[in-house]
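Q: Have a look at the structure that comes next, please.
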């Protein structure tokens with residue numbers, strides 16, 4: 001059955017004299033490798049040089065604050081539900097009077113933890129979030145960890161610092 | 001007694017220097033192998049150990065020594081140890097007869113820059129190279145491992161097959177020179193009368209056989225990773241493996257030196273007379289040493305270049321090429337060379353022989369090989 005016209009029928013006929021002598025093909029191949037020998041390497045020396053991975057690269061998680069500096073997360077738990085690796089867990093708490101500058105909504109996450117060993121960096125939490133609170137940064141990767149207690153990241157590491165705000169390329 | 005002592009000391013120094021150069025070149029061949037591979041694949045290669053990675057061989061050596069030296073429980077322990085030793089020994093012994101330079105006169109005494117000038121120089125090379133397969137064979141057999149044994153058997157049969165064609169190629173050189181001594185072969189080629197011009201076909205056969213003898217790609221079936229894990233050195237680790245790999249690089253360098261000696265005029269280089277007149281014959285000799293080593297390194301580069309270009313032969317293709325391709329060609333070459341010597345115009349006859357060969361192949365192809373009708 002013919003599904004498309006892309007099929008290319010290869011006919012392997014008898015090899016010609018030049019092909020059976022191997023040498024012309026060998027010389028041709030050696031010319032190709034010699035050409036590459038003098039061409040510029042394409043290597044990027046990774047730890048020193050980093051390539052730009054695009055504005056949609058899914059790197060380290062960040063819990064955003066709004067312009068006034070209040071945490072956007074309202075601990076609805078949709079990110080935890082959406083997470084296919086079950087890496088996110090949280091404990092919700094009601095906002096007390098006087099905490100309006102700290103938390104944007106009436107409910108907030110007292111504890112918000114991501115297990116970085118479980119996380120697969122799929123970005124579904126980012127898509128599930130109704131409050132635009134969690135993002136995967138395009139510019140930073142989760143650093144390598146060597147100890148078990150470095151694996152679970154709490155709010156201290158996740159919440160955005162006001163003096164070092166995250167702005168994705170393409171945002172205003 | 002005094003004279004013997006001087007000669008002995010001079011020879012000891014020459015042997016020591018040749019030994020050191022060989023080992024140094026072999027060590028840095030590993031580095032250049034990786035660099036050349038990288039360049040041919042548009043990469044950079046090792047560049048972390050020292051500037052441009054030139055300390056990489058040192059790091060590799062440290063790694064090799066630090067690894068666990070493992071001897072399999074059911075192996076034949078002594079033969080297992082003897083294998084790499086024999087490989088290394090034979091690899092190093094070959095360089096004894098290579099004339100590294102012309103004579104040097106120091107303090108009234110004249111020395112050849114050569115380990116030993118025996119009148120059977122080329123036979124010595126062949127004898128030692130044939131012994132080289134014992135190292136691989138013994139190592140592969142003593143490992144008590146099917147893959148290692150298969151690799152060893154492949155190495156043995158391959159070396160035997162290709163030694164025949166190689167010997168035939170050499171015979172033409174002996175016919176031209178009339179001597180087995182490597183020194184004399186080089187002397188005949190002085191002033192640009194390099195054998196490559198008289199023996200293009202012989203050189204082609206010789207270099208192909210040299211690839212096979214050194215177990216280099218496209219003939220590296222003895223250590224064929226895809227089929228035999230590591231071939232004869234599957235069970236080896238630590239510096240024993242290092243010795244096997246080192247022996248391969250030494251063989252490469254020495255076969256380059258032998259090819260330069262036989263076909264590329266040895267220590268001959270353009271402008272010998274000029275250098276001799278300007279700076280004296282000693283300087284000219286040392287420049288000649290540089291020329292020979294340069295030629296050898298050029299061949300090492302060709303070995304690596306081919307390795308990163310051509311895929312491995314299948315085993316039946318290898319045997320087919322050796323027995324039905326190269327040996328008849330080498331015989332034809334002997335006949336053509338003999339005719340050339342008889343007529344007295346070796347250069348013209350060798351070129352005519354090459355043209356005749358290609359014409360004959362073409363005619364044969366046109367007449368007898370069935371073409372598929374397009």
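Glycine residues also receive a Cβ, built from the backbone N, Cα and C atoms like all the rest.
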Q: According to TrEMBL, which of these ranges is transmembrane segment: B:145-163, B:164-182?
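A: Result: B:164-182 is the stretch TrEMBL calls transmembrane segment.
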Q: Under 8 Å for C-beta pairs, could you tell me which stretch among B:78-101, B:164-182, B:194-212, B:241-264, B:318-341 has the largest tally with the transmembrane segment (B:121-143)?
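A: Counting Cβ pairs under 8 Å, the winner is B:78-101.
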Q: Would you mind listing the long-range same-chain contacts of the transmembrane segment (B:6-31), meaning Cβ under 8 Å and 6+ residues beyond its ends?
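A: Distal contacts: 46, 53-54, 56-57, 60-61, 92, 95-96, 98, 100, 109, 111, 113-116, 245-246, 249-250, 252-254, 293, 296-297, 300.
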Q: Residues of the same chain, at least six outside the transmembrane segment (B:194-212), with any C-beta under 8 angstroms of its C-beta?
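A: Counting only partners 6 or more residues beyond its ends, the transmembrane segment (B:194-212) has Cβ contacts under 8 Å with 158-159, 161-163, 165-166, 168-170, 172-173, 176, 185, 218-219, 255, 258-259, 262-265, 268, 302-303, 306, 318, 321-322, 326, 329-330, 332-333, 336-337, 340, 346-347, 350-351, 353-354, 357.
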Q: Would you mind listing the long-range same-chain contacts of the transmembrane segment (B:164-182), meaning Cβ under 8 Å and 6+ residues beyond its ends?
A: 97-99, 114, 117-123, 125-126, 188, 195, 198-199, 202-203, 205-206, 208-210, 213, 261-263, 266, 322, 326-327, 329-331, 333-334, 337-338, 341, 346
Q: Would you kindly list the residues that approach the transmembrane segment (B:241-264) from elsewhere in its chain, counting only those six or more residues past its ends and only Cβ-Cβ distances under 8 Å?
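A: Long-range Cβ neighbours of the transmembrane segment (B:241-264): 22-23, 25-27, 29-30, 33, 61, 64-65, 83-85, 87-88, 90-92, 94-95, 98-100, 122, 125, 132, 135-136, 139, 170, 173, 182, 185-186, 194-196, 199, 202-203, 206-207, 210, 213-216, 232-233, 292-293, 295-300, 303.
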Q: Report yes or no: does the transmembrane segment (B:284-306) come within contact of the transmembrane segment (B:78-101), defined as 3 or more CB pairs under 8 Å with a sequence separation of 6 or more?
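A: Between the transmembrane segment (B:78-101) and the transmembrane segment (B:284-306), which are separate recorded stretches, there is contact, as judged by 3 or more close Cβ pairs.
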